[in-house]
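Here is the structure we will look at.
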Amino acid sequence: MLDWKMSKRAIFLFSFIFVGLLFRIYLATTLPIWHDEAYSIWASQHSVSQIIRAVTDPVHPPGYYLLLHFWAGISDHLYWLRLTSIIAFLFNAYLLKRLGEQFKIALLPPLLVFLYSFSGYFIIFDWQVRMYSITVTFIFLSLVILNKFINDQRGSKVVPWIFLTIVNTSGLYIDYGYFWYFIPLVLFFLIFFIIKRNQKYLLITASLFSSGLFFLLIHPSIISTYNQGVAGIAWLKPYLSPAFFVPYFFGTHRNTFFTISLLAFSFLGITYLIRLKKFPFISSILIFSSSFSFLSTLIYSLLVSPIFHVRSLQIIGITTLFLVSFSIYNFRRQLRIFFILLLCTIVITNFILIVKILPRSPGQFLISFFPWKQVVNSLDTYNTTIIRYQETRILPTPLLLWGLQYTLSGKESYPIRKIQFGKLESATKEEKCILFYDSLLELYSCT
């Protein structure tokens with residue numbers, strides 16, 4: 001009987017991950033490239049030396065661009081580059097299952113994996129050529145290592161201290177979103193060491209300080225580029241309203257009913273944890289890290305300069321997964337199945353709506369797609385052999401032209417279709433060229 005129950009859970013786990021994977025592959029192969037993805041690819045095409053010295057991007061640490069640089073050595077096609085986030089999704093689902101198993105609650109691992117696979121928050125990241133999904137991978141990996149050690153009774157020698165230090169250093173080097181997990185983590189274990197005077201907490205604290213020191217040694221320019229980096233996210237100021245960021249973190253976005261529902265489930269999760277005789281250690285880390293990062297970044301953003309970034313505060317999204325999962329244990333066993341079905345219905349309905357809305361209204365998810373994939377698809381009505389372009393005004397970003405060239409090179413679709421392109425000179429206007437797109441760039445279809 002026990003084996004049958006375990007088999008059913010394994011089937012559910014596989015099904016959740018598989019369906020979540022299919023949706024992410026669908027988005028990765030249908031959605032156009034957008035501005036930040038173009039920036040990632042452009043930055044990764046520079047030399048290793050330029051990437052390390054933060055010449056390409058003063059806002060983000062260079063780790064992700066280095067990874068993308070070597071990954072693009074095989075191909076710089078959009079589908080191949082987006083595969084990095086899809087692979088990260090698979091790792092994240094596995095690591096989340098491992099974390100859930102540490103709580104010794106039978107339903108928790110499949111429920112966590114379900115909520116992650118169909119999260120309206122994480123689906124925004126798990127197909128992009130951006131660093132967000134990989135950052136989550138390092139957060140989960142760090143938590144798995146910490147949880148293993150904290151619950152291990154054999155002593156400190158079994159802990160892979162070097163591995164823990166490497167994981168945290170790598171996470172910091174990948175993206176500053178890792179800071180909002182790491183900085184509270186350092187404070188958390190420092191406080192516990194001062195209170196408990198425990199060797200385990202001392203070793204963990206030493207490992208965390210070592211990670212921070214190593215990060216500063218390999219990326220010292222973060223200090224000199226701090227002001228430039230903060231200025232680079234000043235556009236976030238209009239998004240400091242709870243009416244925006246609360247639904248965003250829950251992945252419900254503009255749906256008030258789903259937002260209130262998941263918020264209620266989260267509060268139920270907190271009440272369940274409070275009633276436990278022994279507060280789970282990983283839950284303590286998550287709640288402390290997310291609360292500290294939420295309050296500190298929001299207060300700093302309101303008083304000084306915007307650093308509150310809903311895309312980079314993934315630790316809050318992770319914490320909501322756990323809180324919502326814990327919520328069902330507030331109910332008696334007879335009622336539990338009803339509330340699980342209710343929760344699943346809300347989550348799946350919301351997820352499908354997000355997938356449907358994303359291509360049509362990307363702005364509400366802080367995404368701005370380039371129009372070039374649609375433009376190139378419209379070329380089937382023309383006997384086009386070459387595209388000429390001419391700027392009609394100052395472009396808001398040079399990446400707009402870069403994106404056009406990337407798409408015309410056949411790197412945004414499959415099967416690959418390349419179209420020759422070049423700048424329209426005054427002497428070439430006598431050629432057989434038809435103006436078919438007139439926006440920030442004039443595009444001419446020439447034969």
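Glycine is no exception: its Cβ is also placed from the backbone N, Cα and C atoms.
Note: TrEMBL annotation is automatic and uncurated.
Here's what TrEMBL has on this protein:
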type	residues	note
TRANSMEM	12-34	transmembrane segment
TRANSMEM	77-96	transmembrane segment
TRANSMEM	103-123	transmembrane segment
TRANSMEM	129-146	transmembrane segment
TRANSMEM	158-173	transmembrane segment
TRANSMEM	179-195	transmembrane segment
TRANSMEM	202-223	transmembrane segment
TRANSMEM	257-275	transmembrane segment
TRANSMEM	281-303	transmembrane segment
TRANSMEM	315-331	transmembrane segment
TRANSMEM	337-358	transmembrane segment
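Below 8 A, the CB atoms of the transmembrane segment (103-123) and the transmembrane segment (257-275) form no more than two pairs separated by six or more positions in the chain, fewer than 3 in all.
Contact between the transmembrane segment (202-223) and the transmembrane segment (337-358) is absent: fewer than three CB pairs lie under 8 Å, with pairs separated by 6 or more positions in sequence. Comparison of 12-34, 257-275, 281-303, 315-331, 337-358 by number of C-beta pairs under 8 angstroms to the transmembrane segment (179-195) places 281-303 first.
Only sequence-distant pairs (6 or more apart) were considered; of these, fewer than three Cβ pairs between the transmembrane segment (281-303) and the transmembrane segment (12-34) are under 8 A, so the stretches are not in contact. Counting only same-chain residues 6+ beyond the ends of the transmembrane segment (12-34), those with a CB under 8 A from a CB of the stretch are 78-79, 82-83, 85-86, 89-90, 93, 97, 109-110, 113-114, 116-118, 123, 126-129, 351, 355, 358-359, 362, 367-374, 403, 406-407, 412, 414. Each of 257-275, 315-331, 337-358 was scored by its Cβ pairs under 8 Å to the transmembrane segment (129-146), and the highest score goes to 315-331.
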